[in-house]
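Below is one structure, written out as structure tokens; comments come after it.
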Amino acid sequence: MDITIQHPWFKRALGPLIPSRLFDQFFGEGLLEYDLLPLFSSTISPYYRQSLFRSVLESGISEVRSDREKFTIMLDVKHFSPEDLSVKIIDDFVEIHGKHSERQDDHGYISREFHRRYRLPSNVDQSAITCSLSSDGMLTFSGPKVQANMDPSHSERPIPVSREEKPTSAPSS
């Protein structure tokens, strides 16, 4: 089997389309068979590479959605248990930190740690933010948005009028 060797300064024509495993969450877990195949394997087709985007889809997807009603962050944390995760709001940022100690897997021993920081939009109601972890390892952080045209410093807010039974003393002049 021929292995293509490329110099580090050589830029591939499809550079951003072909993901590098160096920076994904599977770094250090061993090479897979398709990692050793040349970019375009001529045995199948000159334009086909098996599992071209596999490492992108399985390396811990982070998705941020912001629409009119809510702001949502979805993060793949399948290698972490809820006890390994910490989610905090600091000023206008969401900080998500995950760390687990060294444990054995198929390739030896591994420990993982990540730290992600996202800016919260100014119109997110921080008091109503929720965070949940699904059974398949997706962490979902979401918060509703207040009206987009509302400026907290200049917004109109109704003040309730309450009735008291005793009279107010008149100010002396």
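Keep in mind that glycine also has a Cβ here, set from the backbone N, Cα and C atoms.
The structure displayed is predicted, hence computed values, not measured ones.
Per Swiss-Prot, Zn(2+) 1 binding site is recorded for His100, Glu102. Of all the Cβ atoms in the protein chains shown, 15 others lie within 10 Å of the Cβ of His100 (Zn(2+) 1 binding site).
The Zn(2+) 2 binding site feature in Swiss-Prot is assigned to His107.
Taken from Swiss-Prot, the feature region 'Disordered' applies to 142-173.
According to Swiss-Prot, the feature compositional bias 'Basic and acidic residues' maps to 153-167.
If you look up Swiss-Prot, you'll see His154 marked as Zn(2+) 3 binding site, on the strength of similarity to another entry.
Feature annotation from Swiss-Prot assigns O-linked glycosylation site to Ser162; the stated evidence is experimental evidence.
His107 (Zn(2+) 2 binding site) is surrounded by 9 other CB atoms, counting those within 10 A of its CB over all protein chains shown.
Distance between Cα atoms for His100 (Zn(2+) 1 binding site) and His107 (Zn(2+) 2 binding site): 17 Å, as a whole number. Cβ environment of Glu102 (Zn(2+) 1 binding site): Tyr109, Ile110, Ser111 lie under 8 Å away, each six or more residues apart in the same chain.
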